[in-house]
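Straight from TrEMBL, the features:
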TRANSMEM  72-92  transmembrane segment
DOMAIN    125-309  domain 'ABC transmembrane type-1'
TRANSMEM  132-152  transmembrane segment
TRANSMEM  159-185  transmembrane segment
TRANSMEM  191-213  transmembrane segment
TRANSMEM  244-266  transmembrane segment
TRANSMEM  286-308  transmembrane segment
Amino acid sequence: MVDARSAGWIDEEVIADALTIATSPIGGLSRRAAQHYYANELLETSVGPPPNERTAGEIPVPSLRYKRVRNALLEVFAAPLLVALMIVLWQVSVPLFGISQFVLPTPLEVLKRIASDYTLLLSHTQVTLYEVLFGFGASILAGIPIALAIFYSRLVEKAIYPVLAGLQTIPKAALAPLLVLYLGYGWAPKIFLAFLISFFPIVISTVVGLQALDKGMVNLARSMGASEWQTFFKIRLPAALPNIFGGLKVGVGLAVIGAIIGEYVAAEKGLGYLQLQATSQFDTTLNFAAVVMISLIGVVLYGVLGMLERRVVYQKESAK
């Protein structure tokens, strides 16, 4: 039989305090009776029944640690493993089913093409990246203040919300030729499309985050003398940050799409323009290489926002 003290199931300091109380004049127990009583009580309340008598709902500590480690490993390696599996299946399927390299090049051929034409790909990637960053940055600078105006003003909400909903329903590809007509062949139409397509999710997510706060917390802060600015920066904004970052992560992917659509319509440089050139020359491998670079832009920007979210949001939550 396992000794409870040697196994670490019973805290010796807790037992000593209990014995002191029990053998005092108020406790009225002998030391032997107190030892027997409190040893049994602490064993039952702190440890529970022996392992062979545990109920189905109880989980031992090693099992919890194992699950935490397993979940952490899955969170880190699940996405890379899935991508690696898809690449392996792609690589195997092309020769297995006799697919022509002209129709579907293998991942190795695409990587070789990226390595051989990296200077060309980087020059076009730089242009697309600038268009995405400028358009996405403009959507943040305009979207969050408009969301604040919608939240604090009922009149602004009634006036702007229908307009935003109407603009969101218009296919952005349908606006691209008009933007080229009005703004020319330069960077402006691509940046404006990236801005337009990523603007709506940022506004909506910010408004929803601000509205989700419990009014009781705001009333409590005001009852303690907090000003509107203090309430906003100390309560409203921290509570809305998860929603805001959710909208930003959606918006950055849409900004990439907007920039590429603009390059499809009118551009002299950029990954979308490079795709059109590769398609006209029946160069499928270069086309896939451009797709890989477009995906990398979206993945990297999404990852940067995720890191920023963990630093800003989760560190504040852990500091509470």
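Glycine is no exception: its Cβ is also placed from the backbone N, Cα and C atoms.
By the Cβ criterion (distance under 8 Å, sequence gap of 6 or more), the transmembrane segment (244-266) is not counted as touching the transmembrane segment (72-92), fewer than 3 such pairs being found. Tertiary neighbourhood of the transmembrane segment (132-152): same-chain residues 160-161, 187, 190-195, 198-200, 202-204, 206-207, 210-211, 244, 247-248, 251-252, 255-256, 258-259, 297, 301, selected by CB-CB distance under 8 Å and a gap of 6+ residues from either end. Within the chain, the transmembrane segment (159-185) has long-range Cβ neighbours (under 8 A, six or more residues past its boundaries) at 146, 149-150, 192-193, 196-197, 200, 203, 258, 261-262, 264-268.
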